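Only one structure is covered here, and it is reproduced in the block below.
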Amino acid sequence: MAKIRVYELAKELNISSKELITLLEEEFSVEVKNHMSAIEDEDADLIKELLSGKEKSEKTKEEDDEIETTAKNPIKESINNKKSNKRDDKNEKVNTENAEDMAIITMTSDTITVKEISDKLEKSYAEVIKELMLMGVMASVNQEINFEMAEKLAAKFDTEILKEEQDEEDDLEDILKDSEEEENLQKRSPIITVMGHVDHGKTSLLDAIRKSKVTSTEAGGITQHIGAYTVELNGESITFLDTPGHAAFTAMRARGAQVTDIVILVVAADDGIMPQTKEAISHCKAAEVPLIVAINKIDRPGANIDKVKQELTEYGLVAEDWGGDTVCVPVSAHTKEGIDELLEMILLSSEILELKANPNRKAKGTVVEAKLDKGRGPVATLLVQNGTLTVGDSIVVGSTYGRIRAMFNDKGENIQSAGPSTPVGILGLSEVPEAGDKFYQVKDEKTARGIADKRKEKIRDEYLQSTHKVSLEDLYNQIREGKVKELGLIVKADVQGSVEALKQSLEKLSTEEVKVRVIHGGVGAINETDVTLATASNGIILGFNVRPDNNAIIASERDGVDIKTYRVIYDAIEDIKSAMLGMLEPEFKEVVIGTAEVRQVYKISSVGTIAGAYVQTGKLARNAGARVIRDGIVIFESELASLKRFKDDAKEVAQGYECGLSIEKFNDIKEGDIIECFIMEEIKKKTL
């Protein structure tokens, strides 16, 4: 149903927007926020009819009053009416001309450039700049002016400027609505995530499917970041997401499960279910994603397919040939056996799911990976989930934005557009987005920038509130918990996905005694700014597949900042564990070093009670802990206040010797008491 803006209706009715808003609220009970609000055409027509009827009624009343007055003094009234009519006609003519001449333009943001307002006013740049100079403002063509200044400037050219209270998120609301008409939906390719335990052949299986070798280029044979690939089978395409196989990458796997349609769980036939396999099963169940089990390495001598199926039943996954509904396909990435059957099962499962999308709408999807390329700037791998993305489109990606300058597929070929379920690399973003961010296509780059700026502002406000909002209760707790230590880390990596995964896995190492906090995470080389931040926060810098630049090295040596660089993630986690072990509060155990029997007691007024004792086992040491045991019951615990051998002070007295001793703050020593001497030894920690 068509709508009309309040200011447009006010113009038609020849009244001000303010008067119309008041009228709508008071007489018609129609709530409007401002002059840019829209009302239904039906309501507008009703208002026009009622107002025209009201005007006629008022006009009739005025005419009746006029006739009555004229009848009282016809000659005088006739003269006055002639003068009045002439004056009214003149004013009405001027007002009508002004109303007709007064154009209306709108601006959507708080500021507008001189160029933009010149185009809207349909005036030359020189004319507009001249008027601004007369108003005392020196501005160039590309300089921005605020709304108040724009309003005054527009008035000089007999134009009214209105500020459109536009909510940039409105554009996204239409995209987010998934109420697609059935006739617009078309079949789309399935999106597959491959999960599995480290070294179970997950990447090798993908290599076998894609008929390419990637594993050899990865450190330690482990995939270091997410990639997206498309393969063709019998004229149909399948999109694969490859997630790292280590347990530390829980966040990455979970992110993959959010965009995937089917999960392939790779389990080695000679190894069975392992910790990362259990995690992958949990993710699939939590995300309610269908699962296909690929039992890999069936060519190995120790392969036992039935054992794997048996272990799967413990997690509620019963194979189809065992009477369950879990698809299990024996495969070998080495010999390529079972690969075709696996792909066929994927296509069969996708047919059952009836995967559909509308390619004829604005695109939306998810960021699979993002990095900063020296030559090309921010490069992002996007997975289009709905609509069609085209070169030249403007998109919002989390708190960043851009206009797509170039687009390429997983083979590195330049393409012009990408439909649903297609992974593409793009150039043209203003910044490197976060892996897992959602992207949406909007009408133009200005709208995209507006949405991104608002999101950044919101994130900044939330950060400031959470960082600087300190209450007395918080301060008290920090003082009270003075023993709590914190290990601050700055994480830099080659790709955003690795940063996110490292952050989450490192923060999980936190214990009650040591808190691990990632102060900053970013993409690119370690620079001087990172060192400055580490100095201020007393933190350590971790680099993953990146190196520090020269300025960073000089600054770190000067400030004593520790920079650690790694190529394999296990090493990073192990080093942090070791660092944490040194920060943990030491644990102690009690070690009894000796016992002595009290044989005689001496009462000395100025000193207290002195016990003459015989060392039965071990030794007694001065300042060690001491317990007084009577009839097998500990009656007092303190420490040795003094220890003497004859008249000389002794550091320790060994077994078989007599000595004199006193107990700190205890004088009720009796003959026959046993003095047990002990020390507290620190336990060296081996694991967290």
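Keep in mind that glycine also has a Cβ here, set from the backbone N, Cα and C atoms.
What Swiss-Prot lists as region 'Disordered' is 50-95.
The compositional bias 'Basic and acidic residues' feature in Swiss-Prot is assigned to 50-62 (among others).
The compositional bias 'Low complexity' annotation in Swiss-Prot covers 72-82.
Marked as compositional bias 'Basic and acidic residues' by Swiss-Prot: 86-95 (among others).
Mean pLDDT of the predicted structure over the domain 'tr-type G' (187-354): 76. Taken from Swiss-Prot, the feature domain 'tr-type G' covers 187-354.
Annotation comment: Swiss-Prot describes 196-203 as region 'G1'.
A helical conformation is recorded for K202 (GTP binding site) in the three-state DSSP classification. The GTP binding site feature in Swiss-Prot is assigned to 196-203, 242-246, 296-299; the stated evidence is sequence analysis.
Under the heading region 'G2', Swiss-Prot lists 221-225.
Annotation comment: Swiss-Prot describes 242-245 as region 'G3', evidence class similarity to another entry.
What Swiss-Prot records for 296-299 is region 'G4', and it gives similarity to another entry as the kind of evidence.
Under DSSP, G196 (GTP binding site) is assigned to a strand (E or B) in the three-state scheme. In this view, the densest Cβ surroundings among the binding-site residues G196, D199, K202, I298 belong to K202, judged by other Cβ atoms lying within 10 Å.
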